[in-house]
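J.: Not my notes, these are from Swiss-Prot:
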BINDING   ASP223, ASP234, GLU341  Mn(2+) 2 binding site
BINDING   ASP234, HIS298, GLU327, GLU341  Mn(2+) 1 binding site
Amino acid sequence: MNLDKLQQWLQDSNNDIAYISNPITISYFTGYSMDPHERIFALLVFKDANPFIFCPALNVEEAKNSEWNGDVFGYLDSEDPWELIADNVRKRTSDTHTWAIEKDDLSVAHYQYLRGEFPNASFTNDVSSFIERLRLYKTPEEIKKLQGAGAEADFAFKIGFDAIRTGVTERSIAGQIDYQLKIQKGVMHESFETIVQAGKNAANPHLGPTMNTVQPNELVLFDLGTMHDGYASDSSRTVAYGTPSDKQREIYEVDREAQQAAIEAAKPGITAEELDSVARDIITKAGYGEYFIHRLGHGIGKNVHEYPSIVQGNDLVLEEGMCFSIEPGIYIPGFAGVRIEDCGVVTKDGFKTFTHTDKDLKIIPIRD
């Protein structure tokens, strides 16, 4: 179990306690997910004692009925959560110990509260890099959930393509996608805001859907994903509404060639930066290198963006079980944008994608 690995890390690194404060990380180790809003939600793991979840009293029964089979302690809004955390820690270990914290997540205020309860403790060690490395390799169970999320993304593309017509807004198309995911697939949460971009808007990669309307002979870019049993999907497709121009076709085919070459190259032994270069070199040789303005890909898992980063300067050697996106893009301001994206997993036989929506340039007939 992953929790056993964390406890072993505590022993090997001479840490006594890990204070896990990121809700996604807590879910990774316990199977229990919640949004604490402004309240305290933490997992405390000890090198030589039983771990416990600490959460609002509102969520105690939910946590006890989840996959988690360990202790759960709660607090009322009228109580001091830090005193209660301290009481439960002291029942398990002494006052003088070394804590490992998630430095990228723990707020300064919460850190100060912990220091106030444990003035003789050390909080200098960071557990984040160990967790990042642990989450880098997906289990077969995790991959199955990622595949499920990918299937939902494929469904979403179909809904989006069918919704395109002259005069419809980007927001309307995005809304139809989100609605149909809920009523037909039972999706409760998208992994990020559904992006639909028509025409020149697609040259702004992270611009959300606007009230801009789709017009004939434009490219329409979709970037979307869902949360499936706690795991994310993230995929992009670009389609032509009406007759694409020669230049629209050209940038699409260059981007598609770059993505396919990277997918074929994503095998054990290649480094992250080498994989980025496979796609980037194709786009650059075609004359569009200045318009590929982001990394080739990012990790995928319980977060829609996580380690590893498929980017120049990252010499990480890719191995079996690593999951990430491959998403080259070409964005020409004032004209159009193209991005084709699939997430997948590195296997001994190559890169297996979680999404399967066709990548030939789809031409949607003009319709009112």
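Glycine is treated like the rest: Cβ placed from N, Cα and C.
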J.: Using an 8 Å cut-off from the Cβ centroid of ASP234, HIS298, GLU327, GLU341, can you name the remaining same-chain residues around the Mn(2+) 1 site, in sequence order?
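T.: Filtered neighbour residues, in order: ASP223, SER235, SER236, GLY297, ILE300, PHE324, SER325, ILE326, ASP342, CYS343.
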J.: State the three-class DSSP label for GLU327 (Mn(2+) 1 binding site), counting H, G and I as helix, E and B as strand, and everything else as coil.
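T.: For GLU327 (Mn(2+) 1 binding site) - judged by DSSP and reduced to three states - the answer is coil.
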J.: Near ASP223 (Mn(2+) 2 binding site), which residues of its chain come within a Cβ-Cβ distance under 8 Å, counting only those 6 or more away in sequence?
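T.: Non-local contacts for ASP223 (Mn(2+) 2 binding site): THR194, ILE195, ASP234, SER235, SER236, ARG339, GLU341.
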J.: Near HIS298 (Mn(2+) 1 binding site), which residues of its own chain have a C-beta under 8 A away, given they sit six or more steps off in sequence?
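T.: Residues satisfying the criterion: HIS305, GLU306, PRO308, SER309, ILE310, PHE324, SER325.
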J.: What is the Cβ neighbour count of GLU327 (Mn(2+) 1 binding site) at a 10 Å cut-off, with all protein chains included?
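T.: Counting Cβ neighbours of GLU327 (Mn(2+) 1 binding site) within 10 Å gives 25.
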J.: Which three-state DSSP class does ASP234 (Mn(2+) 2 binding site) fall into?
T.: coil
